[in-house]
Amino acid sequence: MKYRNKLIRNILTLVGIVLLSIYIFQIRADFGIVLNIRYIYLLMLFFVTLAIFFLNGLFLKILMEPFGIKLKNTEAFGLSILTNFGNYFSFFFGGAAIKAVYFKKKYAFSYKRYLESLGLTYLLVFSINSLIAILSMVILFLKESVVSWIAFAVFFSIFVFSISILVFPQIVKILPVSKIKNSFNSHSPLSKDTGIKLIQILVLNSILGATAVMLKFGSIGTSLDFIQGVYVNSVAGLATFINLTPASIGITESLTAYAALIFNIAPAQALIATLIDRVVTLIIIIPLGVYFGRLFMGKK
């Protein structure tokens, strides 16, 4: 079974890379805009991306406190880097697996409990991010008369599902898959104050994510305002649901292109902007990922 799953993942990755490569070859003439790239935007994107990693680490630190795990700031930031590193260089939720092994090794935190904390993370992230996406679409509709009803339906469904479980935890009893039940079993440890802190971090993270979108598109001379950035960032974030390839290669690009279409931005421009973002991210996570990997995995 494991071999078959690995084979399927390898095939999906290969197909994604081939299709992406073919498309890049077809639009190679459009890459001329890279020659006029605005490097000040890249510098700002670098620091915004670092800030996002820091916030992700802070979110993890606050989230794990009710479970009895007190992370140091360096630990939290390092695990945030390693999570992204794992997602880039492994399949499905490689970053989550790295955290699971680390918590088990250093804090004797069981995989079952980790799965529960992971389910809580997804519930909070999906509920807040989907709400932000819905609000951005409402504003865009009122302001520019543009909307993707497909995206609206997807985010509305995610929001209703996530909020329903948070408000009525008994719903998990009717879920058909036992692993899903287990992963959504532990939102009770959170206090009201902790929940508010986590929500604030998610909102700030969304703001930074929108800023990153504006910067990566701005680096190639394509202008997006803040609300447009929020929308594009939210749609691209749906890649979390279909993380079938390392770092959702091909998936994030497709979702970004789809989101940008309603602003009359060509798919080629969206692809180039996304690739620029990936390059900046890799510049950060490769050296820091290696450093924190050696630092943490050598600890007991």
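Just so you know, glycine gets a Cβ as well, placed from its N, Cα and C.
A TrEMBL annotation is a machine prediction, not a hand-curated record.
Some features that TrEMBL has for this protein:
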type     : residues : note
TRANSMEM : 7-27     : transmembrane segment
TRANSMEM : 39-64    : transmembrane segment
TRANSMEM : 76-102   : transmembrane segment
TRANSMEM : 122-142  : transmembrane segment
TRANSMEM : 149-172  : transmembrane segment
TRANSMEM : 198-218  : transmembrane segment
TRANSMEM : 230-249  : transmembrane segment
TRANSMEM : 279-297  : transmembrane segment
Notebook entry, point to check: At an 8 Å Cβ cut-off, counting only pairs 6 or more apart in sequence, do the transmembrane segment (149-172) and the transmembrane segment (122-142) clear the bar of 3 or more pairs?
Noted result: yes
Item checked: Tertiary contacts of the transmembrane segment (279-297) (same chain, 6+ residues out, Cβ under 8 Å) -> 42, 45-46, 49-50, 53, 75, 78-79, 81-82, 84-85, 88, 102, 106, 216
Notebook entry, point to check: Where, among 39-64, 76-102, 198-218, do we find the most CB pairs under 8 A to the transmembrane segment (122-142)?
Noted result: 198-218
Margin query: Please report, as numbers and ranges, the same-chain residues at least 6 past the borders of the transmembrane segment (198-218) whose CB is under 8 Å from any CB of it.
Written below: 38, 41-42, 44-45, 48-49, 51-52, 55-56, 58-59, 62-63, 124-125, 128-129, 132, 190, 224-226, 228-230, 232-234, 236-237, 260, 265, 269-270, 273-274, 276-277, 280
